[in-house]
Amino acid sequence: MSLANAEDPDTRRKAMYKQRSESPRFRDLLRERCHRRIKASRVALLEQFRNINNTVEVHSALSSIIHQEASVLREEIYVEEMETEEDKSITTPQNEVYLQEILREYENVLEEEETMFSKDWDEQVICPLCEKCVLKQRADGSVVCVKCSSHYPRVPTLHHLRNLLNSSLEAHERNCKDLSQFALINDRYTNGLFLICQTCQFFFQTL
C-alpha cells in the first residue's frame, strides 16, 4: 500500500466517531427520546411557565431534559461500540471530537423543541376559573379542566375560546381597572361563562 493511499489511524478514528453522532440512528434516537420526555412534561412545563416572558427558564428546563437524554444515549452507544477491539484504543482527543458532535446535535434538538414548545404555548388556554391548569377539548367540542373539574360549553376550538376570554377582559378594562373574575353560571335562567366585577358591576357573558 502506498503512503498516498494509507489512511492515518487517528484520522480514521475521528471519522468513525463523527459518523456516530451524524448517523440517522443517533439523531433519530436522540430526537425520539427528547420528544417523548418533553411530551410527558409538556403540560407541567406550560403550567409552570405561564408567564410567556420567562423564556430563560423555559430554555433551561428543555435544555436539562435534552442534556440528560443525550448523556444517557451517548454512554449507551459508547459502551456498545467499545466492545470492538478497535474502539478500545481510542484516546481522549478522539472522545472529545465525538462529544463535540453530540453537543451540536443536542443544540439542534433543543432548537426544535423550543419551537414546538412555543407552538404548544400558543395553542393552550389556562382555565379562567382555577388558573392552574390548561383546558382540554373533548371530541364533542366541550371543554373541561382536569384540575378543578369545570365543564365549559362547546366551542369550535380552544383558540376561539381564548379570543372570547381576551375580548371579555378587554371590554371590562376599558372602563375599570379593578380585578374581575370569571364564573360559570348554570341555573334555570341562564347557562354560560360570565365575567363579573364587583366594583363596577360589570356582568358580561363570555360564552
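Cβ coordinates are placed from backbone N, Cα and C, and glycine is handled just like the others.
Range annotated as region 'Disordered' by TrEMBL, chosen from 1-20, 101-120, 161-180: 1-20.
Mean pLDDT for the domain 'RPA-interacting protein N-terminal' (12-51) in the predicted structure: 56.
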